[in-house]
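Features of the protein shown, as given by TrEMBL:
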type     : residues : note
REGION   : 1-23     : region 'Disordered'
DOMAIN   : 68-121   : domain 'P-type ATPase N-terminal'
TRANSMEM : 97-114   : transmembrane segment
TRANSMEM : 120-139  : transmembrane segment
DOMAIN   : 156-298  : domain 'P-type ATPase A'
TRANSMEM : 321-341  : transmembrane segment
TRANSMEM : 361-387  : transmembrane segment
Amino acid sequence: MTSQRAQKTHRRTSTQWNPPSRPVLDRFASISLPTLFSPGDDYPEKDRLIQPNIHEPDVPRYRLQNYRIYPHNDISTTKYNLFTFIPLNLYYQLKRVANIYLLLIAGLQFIPALHIASKYVGLIPISFVMFLTALKDAYEDFRRHRLDQKINHTRCHVWDSNEGRFRKMRWENIIVGDVVHLSNDETIPADILLIKSSDPEGQVFVETANLDGETNKKQLGVLPGCRRFCAKKFDAEQFNATVFCGHPTKEIQKISGRVEYADGSKDSIRKGNVMLRGCQVRDTRYVDGIVLYAGKDTKAMLNNGNAKNKRSSLEAHTNRFVLFCIAILVVITAISMGFYLTTPKKLGVPYWPDALQHFSVVDALLNFVSLAINFQVLIPISLYISIEVIRGAQLWMMSLDVSMYHLEQDRNFVYHSLNIPEELGQIKYVLSDKTGTLTENRMLFKHCSIAGERFPPDVVPVGGESEKSPRTSRRLQEMMSAGVPPDSAIQSFFFALAVCNTVFVNKQQAVDTVDDGYFEKGGDSDKDAPFRVGNSVFYDSAPTPASTPCDHSHPATDITLELGEQTGAIKRTPTW
């Protein structure tokens, strides 16, 4: 009994795999002038050559070619670090016109000729405002750093050639050329080339909502030369190939490359063979793939990696308001300067124009600056403090708003930026390219019109008739009983519904026991089980290729067109 327990525990344990880091002396030895001053994104070769790491088990990871040449999978979306925080934050804060104005006024007070006793007092307000803003920016950047660490410490299964099994590894330790194993509902850690799937036909479904906002599932496929590995236990010795792919680009739909196998055959890499970072595996028990792009080279990071200094429309409007106040200040100062020159003084200075005999240009400038300092309160320094306080209170109230609670994800309102909360809800136009954007892909059947005749629905009530024998429209039943001609509009209508769609039925996936070293099926599943979609009932069978004969008198023609980003196939017959 003890040996059986020990054996079972050994098989079910997937230890944390923390590869050794590169030695410090080895890092310094690899530093040279070209690598020190190179931006790091220049790839002299025409295509990126990737040798799978599974074929070099005896070489330490830090000596692999993929480790030394290509970026690792750790990410950083922060704006600052310990060395760049002060200069960069000052640069961003000086984009505010009010800060430049107040610093200029505070600097003018240090002119000795003005004889200002409390010259340091003018620096206190602006220093306090900029210090609070810097604290807020530091807190926001620290939140971004913690989110990066949470993502980098996420674990997935990576093939360990030394032990001959998949082991759990942090995302940050993944490198190009690793073989990654992903289960259903798992997030994809890098841009991965599909080489194996639990589906015998090599089909894989992913959800790209985190990448392009599309909630519908997209169908991908394993390379044709790798379909023989599907639905089998992974064997590193069977996959003997070299991968060539293009350099990283921001274009999500542009992926090119090829796979050359040991037997001389080749496969072209297309966008339908690659899973992108940030997407999720759906309705697929497991998939295996090779990492093509990691870290900052992934398309998700190339498009959204670096944190941008976002400025709201309110801040731009405030800058224009401050410039208008500065113009008013200049006018008031000029008028006061005129009164100063044309008004008799107690010291005996005569009226204008004789005042020019005793008044130099330097004196005029000094008096102008002195008057501007006296009128500096025209621009309130508390303006930006009030804006920041209101922003913080607004975000706090929105995070506690019950009406913004998401029931399915079980979380409240989450904010990622402290600078632009007032931009939420400021929508003037809605540009929608699909009906799903407005309907949330929750479309219920209302009625249909066939050849000008309307057929209302007859829905099975909850708890009523069995879903295996749902009711249909009485009118349709009568027409079917009377007999439907093969070339009728009714048959063409339902034939189009059956063919022209991209409906994927969500099924309960079998349990992926990758830690055991094999895969077992969990739960019972009927071959032809009914599924309810909205208020309609469908029947789904095994996803195997099939052909349906058409009893039309004319020759049938079926042409499939692939048009850009069309999610489904467009089909036509000669009668259309």
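Cβ coordinates come from backbone N, Cα and C, glycine included.
Long-range contacts of the transmembrane segment (97-114) within the same chain, counting only residues at least 6 positions beyond its ends with a Cβ under 8 Å from a Cβ of the stretch, are 122-123, 125-126, 129-130, 318-319, 322-323, 326, 366, 369-370, 372-373, 376, 379, 381, 383-384.
Within the chain, the transmembrane segment (321-341) has long-range Cβ neighbours (under 8 A, six or more residues past its boundaries) at 96-98, 101, 352, 355, 359, 364, 367-368, 371-372, 375-376, 378-379, 383. For the domain 'P-type ATPase A' (156-298), the predicted model reports an average pLDDT of 87. In terms of DSSP secondary structure, the domain 'P-type ATPase A' (156-298) contains 19 helix, 61 strand, 63 coil. Residues in the domain 'P-type ATPase N-terminal' (68-121) partition by DSSP class (helix H, G, I; strand E, B; coil) as 29 helix, 0 strand, 25 coil.
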